[in-house]
Each structure stands twice: as structure tokens, then as C-alpha cells.
């Protein structure tokens, strides 16, 4: 089915991962919102380009056409429009659904979590965009996934490239979707699709190829600002000007070492209007390879200034920029590492096991564990009337519980509890 169950260790790992991501979102002042899993079909169609064919469509008993949400961005835009909200910083962690061909080894499923952070509102250029990139940098650094690069581009620059290369405006989005495949297949195949399937002339495809294979930093932006063709295109000039400003802000954040201005980045979704970005993990196959190999996208996003207006009766626009963290992809990587290391992963957060060394002391255990629970301490006990002490301590070792609170006949008589450190076997009466 392309969905999966999670064993306790997997679920605990996922929860820890989500908690780390949400902590970052909260650190940046975002408020949580939620939207329904079901949307009206008309709300979703026409927003995703070629991805539209992956939308799960449903029909209820009354004939109403519905769909399962494909991402968290379009429902957010609909939410802003319906509630007439013009300014918001939000995060949303929830499941989305795609009628896709699953690739479970690469963290690709039909039902999966997305973790989104978005800033909506009219602000000065590139300041919110820079913060979104900073968030991606923070999360990937905190998770210690290895080396990564965040590719950035701008839809306006791409549109300018298509225009100066002789592509009709009606073909911009199809051409964009094809360029977006450059990270998965070589330029020759992308060119072949442009000419054979998208109907572009071979000359136009070759001219596009000269641009979309470029990547660099501020030096490349300066170079393109001097390009005799691109500098004459209004849209491209605006995009390059904002890209230069973005790099200035990213320099202030101290993260330009992980940022690459990459003209091959297109992102196939129709709703992007400006800056677009994608984070990719890199893997050095061996020390003799100069160029690290990409092992997959783990975050992506961009600016979508026109989306909210699509849902507003008067077409009122709310500028937005956001990022989605590819939590399933990251989870798959961490899961594989955990399996390879053979390390035991704690499935609970239990701090203490309440244990007894003699028979007929179930009442003492139940009273003590109740006190611990009421005090907010995570505690467990075995569900047997008279368990052997060795079995209770073995349970602590098996599950990683660090402490055992032992109450026996002598402890009851003395009014104390014996606290045992399971790992060191040291005990203290208190």
C-alpha cells in the first residue's frame, strides 16, 4: 500500500525527530495551526502542476467531490483567505497523501508526515526568505546528518532564462517541470524530454542548457547581472537583484558556506512565484572524488505570493514564503544508521521502576508508584503480584530504565526507599 506501521523503537525515533524540528520552529516564534485532512477537490486541483495526478480524489454519498490533502501549503493558503488573515508565522506537522509509486527505502510513501514553517505577510524583500533558509540550516546541523547543501534559485530568473531562450510563455511551467528533473537524470535526457515531449525547439533547449547547468554564489549572480540577454529581461533582473540581497542576509546569518545559487533548481509546483530552495544531503563516496554525490532532497520550499489570492473572492493577495522539512527521508536515514550501529534505542521515557524484593508487597508498590505519578515522575512496575527482584532489575536493563525504587519489609519499617542505579548497581536509602 505504500504506508507503514511503526514498531516502538521506530515510533520513539520519529517522535524525537519531530520534537527537534518543532523546537526549532518554536524558537523562531511560530504558532501551531491545523487544517482538515479532507479538502474540496476544487481547492487542490490546478495548484500542483504535474503533481496533480497524484491527488487522492474521493466522492461522498451526497456526490460532493473531495480530496485528501496533497501538502500543507495549499490548505494554509485557503485558511488565510477564508479567515481574512494578512499576517502570520506558523508551523504545521501533519500527514499528507499522494497516490504515488512508493519507494520505501528512500522514505517515499503514500501517507507521510510533512513539517512546514511559513511566514505570511507584506514585509521588506528577502528578510523572511533568509529566515526560512536559516531554519533549514539549523535543523540539518542539529540533526547531524552529515554534509549538506541548500540550493537556491528564483522562479523569475528561470522565467527570464526561458524568455531569452525563445520559449513561449505558455510553455514556461512545462519547461520548469522538466528542468526540475536535472537532479535525477542527465542533461541529455532532460533536453530530449523538452524537445520530444514538451515541444521546444532544439535551439531553445540548447540555449536553456547553457544557463541551467550553472551554479555558484555571489560571483555567479554578478556575472548574470552583466549577461547581455538576461540583464535586458525585467523579471530576471528583479530576481537576480533579490538573490543578491538574499546572499547579503545569509552572509549576516553566517550560513553562505552551505548555500549554492543553482539555476537547475526549478521545483515543479505551479504556485511558486519567487525564491525557491531545496536542501540536499551529500555523500562523499571516497576521498578521491572531488564532487560529492547527492543522496536526496530533505527539505524544500519557496515564495508563493499568488496562492492566497486564488482562494479570496476579491483576489486579495497575501505574500507568503515557507519551507517543508522532508521528515520521512530524514527518518529513513536515521533508522538505517540505528540498525547499522546495533545500538539499543529506548522506546519509553520511564525514569524509575518501582520494585519489591519480597512477597505480599503489591500494596506498597501501588502506593509508591501512585505518589511518583502524581509528582509528574515517569514510572512503571511489573504487573505481577509477587515478581522476583532479579526479573524486575532485568526488565530495567532490557528497557533502559535508569533507576529502580525498591521498597521491601525493612524499608517499610524504616520509612525509607532504596534507590538503585541500574547501570552502576549503587544504592542509596532515602
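One is the number of the first residue shown, and numbering goes on along the chain from there.
Here the Cβ of each residue, glycine as well, is placed from N, Cα and C on the backbone.
Bear in mind that the values here come from a model prediction, so they are computed numbers and not experimental data.
Sequence annotations record features per position, and here TrEMBL assigns L-histidine binding site to 71, 72, 73, 98, 114, 118, 267, 271, 272. The annotation domain 'Aminoacyl-transfer RNA synthetases class-II family profile' is assigned in TrEMBL to 1-357.
Sequence features, as recorded in TrEMBL, placed on the structure.
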residue: 71; record: L-histidine binding site; Cβ contacts under 8 Å, 6 or more apart: 48, 96, 114, 116, 324
residue: 73; record: L-histidine binding site; Cβ contacts under 8 Å, 6 or more apart: 116, 118, 271, 304, 307, 322, 324
residue: 267; record: L-histidine binding site; Cβ contacts under 8 Å, 6 or more apart: 176, 180, 276, 278, 300, 302
residue: 272; record: L-histidine binding site; Cβ contacts under 8 Å, 6 or more apart: 155, 302, 303, 304
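Maximum intra-site Cα distance, L-histidine binding residues 71, 72, 73, 98, 114, 118, 267, 271, 272: 21 Å.
Confidence over the domain 'Aminoacyl-transfer RNA synthetases class-II family profile' (1-357), given as mean pLDDT on the 0 to 100 scale, stands at 89.
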